[in-house]
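**Q** As annotated in Swiss-Prot:
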type     : residues                                 : note
ACT_SITE : E104                                     : active site, proton acceptor
ACT_SITE : C346                                     : active site, S-methylcysteine intermediate
BINDING  : C126, C130, C133                         : [4Fe-4S] cluster binding site
BINDING  : G173, E174, S205, S228, L229, N230, N304 : S-adenosyl-L-methionine binding site
DOMAIN   : 112-341                                  : domain 'Radical SAM core'
Amino acid sequence: MISENLGENQTEKIPLKGRTLKELSEIMITLGEKPFRAKQIYHGLYVNRYETWDQFTTFSKIFKEKLEELCSLTHLQVVKQLKSVDGTQKFTFTSESGNGKEFEAVWIPSGDGGRKTICISSQIGCTLNCKFCATAKLEFQGNLKAHEIVDQILQVEKIVGDKATNVVFMGMGEPLHNYFNVIRAASIFHDPDAFNLGAKRITISTSGVVNGIRRFIENKEPYNFAISLNHPDPKGRLQIMDIEEKFSLPELLQAAKDFTRELKRRITFEYVMIPGVNMGFENANKLVKIAKSLDCKINVIPLNTEFFGWRRPTREEIAEFIALLEPAGVPILNRRSPGKDIFGACGMLASKS
């Protein structure tokens, strides 16, 4: 486990951000240090939010010089920051190596100031081609490492001067195609000795990677889970989501049922509303049948990426569709779309300004 993300050659420093406490302990032992040093570093990184070895004032000069030589506190570079009229802020990052690969995170405060969500990315670009998502139009440039995922939170919170109450893996990329690094980062967010976010305040989303869902179930991951459904019919779903070719809707729904049965937790279906594509009575009726078959809630989201040739539904169309879903007897949320003016809303992350 220690060798994960060490770099391409032995001359590169060991990145310490994005490591669990257990991993840090193993690294310290490898470096000939006592395991308790790991807890000091862990606390310094995630509680005190130190960014340089000089800030670890309890460390001896010799120990700090050793860490400086062998280990890295690498952090992301913010190359662009945009603020919406509604208070949403979008951050475009690149890694410290300056490789030019950009990815984004979004700070989303609620209107009353109580809920503060950070939407983070798990990949640069995406491996999938969802027709309603701007990220799908980007070239896939790789998975983000755990320290690059964790540092999105650290950098955003530092800049806005506030702490997030919720974290959602709904930015660029398919989280379950980067399972190891996503779960490692989520465990750090959840750890009481690090970010101390409750498991119910961390949501991992997927477009429907069934083998990843089954791995999630097998590992009994404690986090909230959302599936980007977007169409209640296999043929219709295939037209807008290419993942349907690999993991069919029946397979996906069976995995969702297994999730609720095994983990005893409600699953969330995300549903981007596209007029003429997945709305109307017939689609609503099929979605109601799906919802009745398992313990779930439905988040409906008006289409934001109008530049794909579709239009955003009107308020009347949204209200009518939600009314058609009410017989399902499950919670239905019309999810707001903050940050549209800065291309920070759902489906719009593509390093655009």
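The backbone N, Cα and C atoms fix where each Cβ goes, glycine too.
A description of the local structural setting of each listed feature is requested, covering burial, neighbours and distances.
**A** Around the Cβ of E104 (active site, proton acceptor), 25 further Cβ atoms fall within 10 Å across all displayed protein chains.
Counting Cβ atoms from all protein chains shown, C346 (active site, S-methylcysteine intermediate) has 26 others lying within 10 Å of its own Cβ.
Under DSSP, C133 ([4Fe-4S] cluster binding site) is assigned to coil, being neither helix nor strand in the three-state scheme.
DSSP assigns N304 (S-adenosyl-L-methionine binding site) to coil in the three-state reduction, placing it in neither a helix nor a strand.
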**Q** To the nearest whole angstrom, state the Cα distance for the pair C130 ([4Fe-4S] cluster binding site) and S228 (S-adenosyl-L-methionine binding site).
**A** 10
**Q** Of the recorded positions E104, C126, C133, which one has its Cα closest to the Cα of S228 (S-adenosyl-L-methionine binding site)?
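**A** Closest recorded candidate to S228 (S-adenosyl-L-methionine binding site) by Cα: C133.
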**Q** Sorry to bug you, but what's the C-alpha spacing from N304 (S-adenosyl-L-methionine binding site) to C346 (active site, S-methylcysteine intermediate), rounded to the closest Å?
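**A** Spelling it out, the Cα of C346 (active site, S-methylcysteine intermediate) and the Cα of N304 (S-adenosyl-L-methionine binding site) are 7 Å apart.
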**Q** Taking only the Cα atoms, work out how far G173 (S-adenosyl-L-methionine binding site) lies from C126 ([4Fe-4S] cluster binding site), in Å, as a whole number.
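**A** Taking the Cα atoms only, G173 (S-adenosyl-L-methionine binding site) lies 4 Å from C126 ([4Fe-4S] cluster binding site).
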**Q** Which one is it: of the recorded positions E104, C126, C133, whose Cα lies the shortest distance from the Cα of N304 (S-adenosyl-L-methionine binding site)?
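**A** Going through E104, C126, C133 one by one, the closest to N304 (S-adenosyl-L-methionine binding site) is C133.
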**Q** Rounded to an integer, what is the Cα-Cα distance in Å between N230 (S-adenosyl-L-methionine binding site) and E104 (active site, proton acceptor)?
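**A** Here the two Cα atoms are 23 Å apart.
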